[in-house]
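Q: Pasting the relevant annotations from TrEMBL:
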type	residues	note
REPEAT	40-73	repeat 'TPR'
REPEAT	142-175	repeat 'TPR'
REPEAT	176-209	repeat 'TPR'
REPEAT	210-243	repeat 'TPR'
Amino acid sequence: MTENVRFRTLISLGTCKLTAGDVNGAESVLTKGLEMQETAALHNLLGIARFKREEYKTAVQNFQRALEFDGLSSDYHINLGVCLFQLDSMADAFKQFENAVLKGAKRAVNHFFRGNTEIVLQMYSQALIDLDEAIGLDASRESYHYSKALAFMEENRYDEAKRELERSVELNPTFRTAWMHSGLLHFLQGESFAALDCFTRALEIGADDDLVHECIGLVYCKLSYFDLAVESFTRCIHLHPENPVFYFRRGVALIEYGDLHGAYVDLHGAVHKHNFHDQQTLHCLSVVLSKLGRHSESLEYANEAVSLDATNYLYLLQRADCRYTLGDYAGVFTDISLILQLGHESAELYYLRGRSHYALHAFQDAVDDLLQAATLQPLLNDKADYSFALGEAYLHSGRNYDAAEVAFSKAINSHPNPPSFFFDERAKARQRLGDAAGALADLNVVLREDESDPTVLLRRSFANKALQHYDAAARDFEKAKSIDAVRDALMCIPYELFFTIDEVVWDVTG
């Protein structure tokens, strides 16, 4: 056998081994051929063998050597470009694909590779031109439509991207990545059930995948199916128990589901067991602790979240809420001022500041903030707690008892089972307005729940007196005098004086 025949035999054998997947055997045979002579084809085959073994830098040398022997081969440019792409050398890869397009025949694959590199280089309009060219030359390749969808997504052209992804899965129903991206697009556009269908299809193709389960869990959260979301994130944890993000995801779902203890375990574990000091996780842990009544601990995590991102108004608002609960009203005002400086305002913000003003007896400021809260969120006017808070602010500001009475009435009418103190406060407003009959009706409700409250008995006594119901007024006065806590104070008031006064105020301690 002549040396030339032996060389050609080695090339053929190496090619067969590569085709059969015997990469090591192919490299061994081709290296023997290289000892005999160098050719472009031999270096190209060696480059392919080394590429398959992920020895990209060595493969680059072979492809470059192949091009030195034959600089007009578009295949060698493509192979070198793909290798450089794997090495994240995108500008150099782009040059090779450019050479392949310019030097070679009009082939779909050349435009496909150049288009993909243009996507990475953020040359989206050029990428679309190349991918259109590739599809025009060969419309049967699902990967071409998929890459075109990626370019559309980068330009926020979601409807066009969805059409390309639909075409991809029509051509290849088992194209899992295309199903995933299609699901993400539907999710971004608020089409939750369509997204769920796509993610479910992706899950049916191949083995369990934590990313797919995570996406399904996020869709369930969007749909408020929090129990199902918890199940999806639990599957993620079973697949990758070391990933703290999955504990964070499940913790958030458990908050919404109402399992505060479970949420605390997951979020606390993410932070302390997995050392995941992510600001979102810290914020959610603070929220859970607030709901559990552990306000000092909650403030610690809120502070840490704000220290990591002081531009997130939600983190600042959570800290302000912690400070309010702990009585740090100056801290509340500081945080709310920072939020307003960020350009954010909300009903919740003004509601919280209004309650802080009320706690500091700045009643008119409280009224102003509560009214602003309802301006931003008109549905607050239908909330019993809001109307009651507004009524309290009006009442104690001493400026508008009519508005206080209206607010208390709204609170009572919008509450399914209004507590007695709602009626008690409305009675105060009505007494100041001189509406003795209205006050009497409210005080009757209060005393049906507790007949031994001396303050309410006295107030009803004065209401009865104003209505000239003197016997009823006397009975309430006598009953109030019989109560130990105030007996000594009331025994000093003779009946003659009782008929000349409208109110008795005392300080009861102990």
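Glycine is treated like the rest: Cβ placed from N, Cα and C.
In TrEMBL, annotation is done automatically, which means it is predicted and not curated.
The shown structure was predicted, so the numbers you read here are calculated from the model rather than taken from an experiment.
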Q: Quick check on the repeat 'TPR' (40-73): DSSP residue counts for helix, strand, coil, in that order please.
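A: Once the DSSP states are binned, the repeat 'TPR' (40-73) shows 27 helix, 0 strand, 7 coil.
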Q: How does the model score the repeat 'TPR' (210-243) in terms of mean pLDDT?
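A: Value for the repeat 'TPR' (210-243), mean pLDDT as a whole number: 97.
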Q: Which residue counts does DSSP give the repeat 'TPR' (142-175) for helix, strand and coil?
A: 27 helix, 0 strand, 7 coil
